[in-house]
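J.: Can you keep this structure in mind? I'll have questions shortly.
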């Protein structure tokens, strides 16, 4: 317990505050310096967010595809949300009916499933591979620079290029099917059939983002003093014990932060499935994630697309909240000053259950 | 480690471990090199395949010889050719314009906020830090429909309106910049600033004359990360760009070949190689700084 606490403790304790007179007016200057950033963020994030929420309660004007009637727009109540959550599509005579298959409305729960499936599977593989890669890099000193450069390459390649690269690798006559043929597996329609397409996205994403995970974990590993391991070795701890009782608890915070970042990244995944599998794959929407569904919907109507994007935002905010509040992903750096301790809502969870 | 100070039993156990360690040393070394080889293959193999294909004659697109064969420069010429409606050269320039503008704005604004957040005490600071972090996790797709409507109302969705791409990019580059810079700034030896102030500098002077030169590596790293994240953006650019302002990521995703409905694989691989090479050079030159920037926010929590 104490090790983790010291390791993540704010560097503020040791920092001596100067005499009062030197710090006079800090408050005003601080607010002044932060204001431009806050104004910009308000313009590029808060405004669109609020606007999207307002739009989500408006009817889409224009010809209603279901009824062929011209709809005037105006206040819609929760109709747009019902459209997605309860699968209610507009029907003739102003009533609603369950969304017929094939419409975008009917794809909501499929898209939610695909998004969550991608998230769980990719993050699972990234944790496993990331831990493994980080241990390899942590163990070796010769050639570490070379390995770090090599492993940064997937991270640096633009996702659009990654998608095109794997599209080529997964082509019917491509190298992936050739290699599979070498072990006697029949060629797959990687970007066409539903499940191969899903796994094509997962493989490409794991390839691209595991390095990020590994580097974050490695940074955490490097903070552990080798004394701890020597002590464990002297006490006769097995490798597995050392890993589960020492390494994992000591890297819990950076690991949770890495998992949080990656989870939120996959929840909003767009580029890879959109380019690699054309947003479809198989039945037409086998790799349609929530983000792709929003973009598809925009052409059919801004306001119902806004309702969907608001739902995506709420999902991501909810997951982030769970991580920060209950899983110990301590992402906010405690700034200097007692201000931090006073703020109840962001206060870090006690680093409990680590010291048994 | 010194064994003398330890009690006898522990010392014995220690020697045993030592012998065990010695025996398995060679095996461990071999495993270490195997691991390194695996990591290098993981990082390089798909990228290598892209480069090899980029130099391969289009008639041998699906040749699986693992080394370059039928080498040609034609794919690179084809990538820049505008005869099939691609404007790759222009897209490269666009990406540079958008990347530099976004990075400059985010750095100019973000550096002050990061300084204040790392250094000054003011009400609401913790909340602001949380808000900026929250902003960096904001789903880009939630910006699209409101901004699309707004931009089309004010006529930004046609012609050379680069601001329609730069402004949305700020939404994710600025939080990243502030976050990374704050982490760098809180690591710096601020005692120096205090001594400068004791010697009569104002806080502004102390910052400009003493701290800014020290902060240069952190600023530089953050600028690289900001530029890369803007260069790699696709979702928002795809929605808000026109034929004229299209950045490379969008251009590559929509590359069309000479024959309809046939993917011009080798040309796309050549284009992908061109887009990636500047990034690879940055990674090779600044890998240490990039890694420290990437992990700055994560581990020093």
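From the backbone N, Cα and C atoms, a Cβ is placed for every residue, glycine too.
According to TrEMBL, the feature compositional bias 'Polar residues' maps to A:1-11. According to TrEMBL, the domain 'ABC transmembrane type-1' annotation covers A:112-323. The feature region 'Disordered' is assigned by TrEMBL to A:1-24. For A:30-50, A:111-134, A:146-172, A:199-221, A:242-261, A:307-328, the entry in TrEMBL reads transmembrane segment.
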J.: How about the transmembrane segment (A:199-221) with the transmembrane segment (A:307-328) - do they touch, taking at least 3 C-beta pairs under 8 Å (6 or more apart in sequence) as contact?
T.: no
J.: Six or more residues out from either end of the transmembrane segment (A:30-50), which same-chain residues have a Cβ under 8 Å from its Cβ atoms?
T.: 313
J.: Restricting to the same chain and to residues at least six past its boundaries, which positions have a Cβ under 8 Å from a Cβ of the transmembrane segment (A:146-172)?
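T.: Sequence-distant neighbours of the transmembrane segment (A:146-172): 133, 137, 140, 187, 189-191, 200, 203-204, 207-212, 214-215, 271-272, 274-276.
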